[in-house]
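For reference, Swiss-Prot has these:
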type	residues	note
ACT_SITE	Lys8	active site
ACT_SITE	Asp134	active site
BINDING	Pro92, Ile93, Ser94, Ala95, Gly96, Leu97, Ala98, Gly99, Gly100, Ser101, Thr102	ATP binding site
Amino acid sequence: MILKAYAKINLTLDVLSKRDDGYHEIRTIMQTVDLYDIINIEKIEEDSIIVTTSSENIPTDNKNHAYIAASLVKERFGVKEGVKIHIQKNIPISAGLAGGSTDAAAVLRGLNKLFGLNLSQNELIELGREIGADVPFCLVGGTALCEGIGEKVTKLKSAPKMNILIAKPEVYVSTQAVYEALDLSKVKKRPNTDAMIVAIEEGNIREIAKNLCNVLETVTVNQYPVINRVKDIMRNHNALGTVMTGSGPAVFGIFANKYDALKAADRLKVFIKEIILTTTCENEFFSNEE
């Protein structure tokens, strides 16, 4: 069984408060983009989980989100058969694009079908919450408002198709460290999430671009000024709007046409290796079933 595991971007990301358990309450609008890992899942006779990947930079043991998802399903539902999972990585790693979470979501969906568990989407989402805050959104996909620590997902009207240029600087960002460094009393600009929802419902790309905002950006930019450099280049090449996604370091811009996006990409290639021109989309989970 072969599945697509789509990346996400945050059109808005607001941090409301810090909870007693150390996590933060957020309000964010997430959007699926047409950039995906390819997940190949097959049954094996031995009672084990084998994960392989095209990238040397991600773990293949119980630190891998796909492995965790498979382990959770096997344990929770008493599945005695084993699984072999291969991940063809196309989504930049540790970028703010939910690369690990979306792989986990694909494995949950795939094993549900492979083992005939007949779990509903809501039941899959409950499992996803145990793995990570972004997994529920990755199970739903499209355009959605995510609240709580990100795990409460409300589907929105699909955003219009937009040209999205993603650039990931070669720096490492710790999500936990970014949240810990965020001083909510010093946040000067917050997203207008409701205005973004209206812009999405109206299909107004310029208003969507105008309302892009991420309160985590100032924290990550303080550590890595290259993020502002990327944003400036995108704006100088007619991006309608640009913002960091998640805790970074990936940045995306919305462009009215591909020509401007490609010109920006050419300029960014001077100092950034991972650049992707894509579009917003809905989830299309199964690319092939055997």
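Placed from the backbone N, Cα and C atoms, the Cβ positions cover glycine too.
Within the set of binding-site residues (Pro92, Gly96, Gly100), the lowest number of other Cβ atoms found within 10 Å of a Cβ is recorded at Pro92. Between the binding-site residues Ser94, Thr102, Thr102 has the most other Cβ atoms inside 10 Å of its own Cβ, all protein chains included. Its Cβ placed at the centre, Asp134 (active site) has 29 other Cβ atoms within 10 Å.
Across the structure, Ala98 (ATP binding site) and Asp134 (active site) place their CA atoms 7 angstrom apart. Sequence-distant contacts of Lys8 (active site), defined by Cβ-Cβ distance under 8 angstroms and a gap of at least six in the same chain, are Met30, Gln31, Thr32, Val33, Leu97, Ala98, Thr102, Asp134, Phe137, Cys138, Thr245. Around the Cβ of Ala98 (ATP binding site), a 10 Å sphere holds 29 further Cβ atoms from the protein chains shown.
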